[in-house]
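Visitor: From Swiss-Prot, for reference:
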SIGNAL    1-14  signal peptide
DOMAIN    47-161  domain 'FAD-binding FR-type'
BINDING   175, 176, 177, 178, 179, 180  NAD(+) binding site
């Protein structure tokens, strides 16, 4: 994974025990670990190596799997109960994922909101099947009460302060790239609820989700997304795209589905000086839309993107 975040957004808007103890060390020690692993292997860089210079928290917390389910034919959803009370994250960030007996460390975006962690000490992940050892473990061996460790990292997030200027969000997702954007969407909904109930807090603008997948079976978290659209019809909207649909689209999804890729026109229609764009998906997709936005004179500090391999 490679993360590219505009500097102006970084401030706000934007065996387990053995590994955990090592990663509590200094950043230089962390970089030494990743460099050492590269020297020992000629394989292409993994998550730790790609993100060696990305900001991470110091806390490495034990966590227990308290829920596991199939989110789609190719994606497993995990719910983790996090032990360390000092563990926290911002909407959009990811975790280093340490598994006993698995030497490779995973990197998975959190798809739940920070509020869920605050209230119930839980986070959610959604992991696509792959030959990568951590993903294989999740799909083939992970069960209820499996124990892992997690550490938060990443500079791709939305974390406005109550006094920050109101912003609209356009969230552009491809495939499993929905994960950090769902976290941001859920956080935006929590901010809307807080403002409605207390009459104070951050004033959230509108949120538009543009989400593309192969077919409706691979559109992750459809029900959660549509529930938020229905809860906040004046604030949250979505356009769900499918590129290789072969079966009939169900009546409940039809109003939200477009067959074909997300287009430049859809993006341009939502450009304004109050709008921030968050993009997450395969590298060609993130490159295309970030360049399209720049060519449309959207300020670079209003464009945030994250690439997943």
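Placed from the backbone N, Cα and C atoms, the Cβ positions cover glycine too.
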Visitor: Roughly where does the domain 'FAD-binding FR-type' (47-161) sit in mean pLDDT, to the nearest integer?
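Guide: Per the prediction, mean pLDDT sits at 97 for the domain 'FAD-binding FR-type' (47-161).
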Visitor: Can you give me the same-chain residues 6 or more apart in sequence from residue 178 (NAD(+) binding site) with a CB-CB distance under 8 Å?
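Guide: Those within reach of residue 178 (NAD(+) binding site), by Cβ under 8 Å and sequence separation of 6 or more, are 111, 126, 211, 220, 221, 280.
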Visitor: Please list the DSSP helix, strand and coil residue counts for the domain 'FAD-binding FR-type' (47-161).
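Guide: Across the domain 'FAD-binding FR-type' (47-161), DSSP assigns the residues as follows: 19 helix, 45 strand, 51 coil.
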Visitor: With Cβ-Cβ distance below 8 Å and at least 6 positions apart along the chain, what are the contacts of residue 180 (NAD(+) binding site)? List them in sequence order.
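Guide: Long-range Cβ contacts: 91, 92, 93, 94, 109, 110, 111, 154, 156, 157, 278, 280, 306.
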Visitor: Cβ distance under 8 Å to residue 175 (NAD(+) binding site), same chain, sequence separation 6 or more: which residues?
Guide: 128, 212, 213, 214, 218, 281, 282
Visitor: Counting across all protein chains shown, how many other Cβ atoms sit within 10 Å of the Cβ of residue 176 (NAD(+) binding site)?
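Guide: Looking across every protein chain shown, the total is 25.
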Visitor: According to DSSP, which kind of secondary structure is residue 175 (NAD(+) binding site) found in, if we only use helix, strand and coil?
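Guide: Its secondary structure by DSSP: helix.
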Visitor: Provide the number of Cβ atoms within 10 Å of the Cβ of residue 177 (NAD(+) binding site), excluding the reference atom itself.
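Guide: For residue 177 (NAD(+) binding site), the count of other Cβ atoms within 10 Å is 26.
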